[in-house]
């Protein structure tokens, strides 16, 4: 062990590291992946969602969120919140029941599982005898009634889940108590519905699948009323006063039954097929809700004409002569209607319809004419179009923030002004200290701006680039439009749209300057757009410039997709970010890197063929540079083609086999088997947890120029530094490629007074070839004080000190395998760190982050945050390149999660744990978005929502996960990620979302953002 101990162990530094670094997984943003159940508590005003992976999530007022995970990881099929209690019961698809409760600890509520139970039948009984189909929590909160496939209703006592066998309501007992004319064995089968009498807790309703419905007296164990339908029963609703039943059936009909002692076997008052007379699909659930105005609301799921609309996912609302079938683009999991919470109230008075679909949550305002949707403060459908890239910008100036919100508010005119109606609990989270933006690029050519300041991710504004190009779909087309005479009266609702007009529209890179309001976005087909924020609508032509990256090459032929056709005339753009120039790369390959310098008015872009520089003030191309190696023929077959020849694949496979045999023979004497992998395992033994281990560095093998796409541009970086000599600094552009080559160009940018008259000039000053030829993923210049250069315009806005231009500058080059510091302008090696402690470890993401001390307000350090392909995150000091801490963050098998990770400027990060969810984590003790909230069962809210909304979101569950090598370690929490990433289907879905179809000649975009540029301390 002695050789693994790092010499010079400094207790003072160790204490300082504990003040700076701490790893926490804090909150999951977005929509739960694969939801399977919905529940709601009218008294607590809390919404519950269960998923197929065994997770349950509770949501209340913005900022109130809880998360739990069943150990079995089985699908949640039902969720029931106990009336007036901070408790809920879940039913899983393995027929197990689980009791959860919200308990106050340390001043905040936590969701905990208390008990679990599986209903057992007598020995030799068929599994269907105890297979639960319906769960009814009694209003006493002491009993659960469990309907089963056998037709029996079992009774279980809470909270211990003790089965009360003497209270079982068997199908035989019901049969014996029916009149002679109703005693047909065929009327039983499974229990489809259980309802408690709205006014009398001693009566329950039991509905059987064959059409029989009975009202059972719990005290007298007798049938009070029975109703027999000729159609198979799907569900049933009991009106608030208990005088009317409404049943729905498999043929698309519903019936109204009077509950009266005058007739023991009444005929239905009314039987109706809403979308008849042609055959219709089943109505699976129906609600009949009374109002003070006298006319009820009829709300039901399904029932659409089978032949023409059988594939639609609809919920219909009928009231006062108005009928609308809300049409969802994904399957409806469940719905609930928010009504008067007081059980003693005379009327239901519904005010909101809450629908959980497979891919989104939709809330409809039932109080406003036209029934408009309500804007969501949380549970955003991040994947309404597949996410293709992300970009984070910290500390947004107030002026820009307000302008973005103003532009977004104009897009929300179709939303209701109702306050968010699900407002249970109290958020204890303090207001965020700054304004942060998370920008997501999507497959349909849109960029969405999210408020990522706190624990609630809220959509602020959506930018679409589709108007710039000629596509098959008219951007002005209104998909929600509905003809007056059209039947059924369908209305599209929700934002989820899984289809893209043209995958070439997909956004691959985003770069926003928060000081100037300039935005650059780049796409799948080589398009680079530069946009400027405008508070007014404008009609303008977008200037088009072509950048031929192969202008000096002969004999190359592009075999991939074609470029997008741009509109030639003026285009009308709404207030917000408006494009004014389009740079089209030729060949139209995926843009792999992007950098914007708003002070110099320059934008740089790179593809698998080369890179270029464009002056967006003069609207002219400065230069292009082809980086193709003669062996890079595959780069011309399309950005998605990765197919090697069989001969080459076999040759490289045999080479790898020989290398692995040789290296394994050489490694054997170094220690026992498995010793090299020790660094990747969690420190299980207490004696090793606090011991700092020195990494075992293996030799870096030089790569052949034929091993990969050497010309693939991975990173671009602007810097004002010493490039030619030590006496004069100048603007410069740096580019790093997949083949380990760094190009440096000196730039001559005219002063402001002559900026429009003189052209920007560029001259190649240096070309550096790394010996090991590993891909370059990051470039950074440090000033004379070894501090990263500030962002463009940051000094001009007095938000950063001027860089030290007196001392010598240093160049940091981060490749996949090592970090190397060079002196400038001579470019002589000064320091290096090999990131090779673990076999196969490669750098995937790198960013500069500022870590503030939690004890001293005025103390902080700049470090590198590094993510590897093994899912580890390391913090490396600047400029000495000393490893500080290492945490296990993402599972190494989660390739897509690693590819989607983005760091922030203050030591936080985001990555996708499913196609619809971001996991948020923090490496800093100071910048920690810590969600806390409180729910009290005594605080029953009966007020109805007014106008306005203030979204905020916060879970109270401990979400910390991973191994901390330094600092104070927190216990891992039960995060949803653990359940999702244990499912290979989820991993494949995320990977397909990020990477796309890699087939040759296909339009599917290569969505995984490859490489990460260090942009003057910003985050990408």
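Including glycine, each Cβ sits where the backbone N, Cα and C put it.
Feature annotation from Swiss-Prot across 261, 480, 653, 956 places phosphoserine at 653. Between 96, 495, 608, 1015, Swiss-Prot assigns phosphoserine to 1015; no such entry appears for the others, which is not proof they lack it. Three or more CB pairs closer than 8 A are found between the repeat 'WD 9' (508-583) and the repeat 'WD 8' (388-464), so contact between the two stretches is assigned (pairs 6 or more residues apart). Pairs of Cβ atoms less than 8 Å apart link the repeat 'WD 1' (36-69) most often to 388-464, out of 332-366, 388-464, 778-830, 835-888. Nonlocal intrachain contacts for the repeat 'WD 5' (233-268), taken as residues 6+ away from its ends with a CB within less than 8 angstroms of a stretch CB, comprise 179, 181-182, 192-193, 195, 197-200, 205, 207-213, 215, 225-227, 274-276, 279-290, 298, 300, 302-304, 306, 345-348.
Secondary structure of the repeat 'WD 12' (778-830) per DSSP, as helix, strand and coil residue counts: 0 helix, 21 strand, 32 coil.
Remote same-chain residues near the repeat 'WD 2' (76-117) are listed as 36-41, 43-44, 46, 48-52, 54-56, 58, 66-68, 70, 130-132, 135-137, 139, 141, 144, 146, 156, 158-161, 425, 428, 932-937, 940, 956-958 (criterion: CB distance under 8 Å, separation of at least six residues from the stretch ends).
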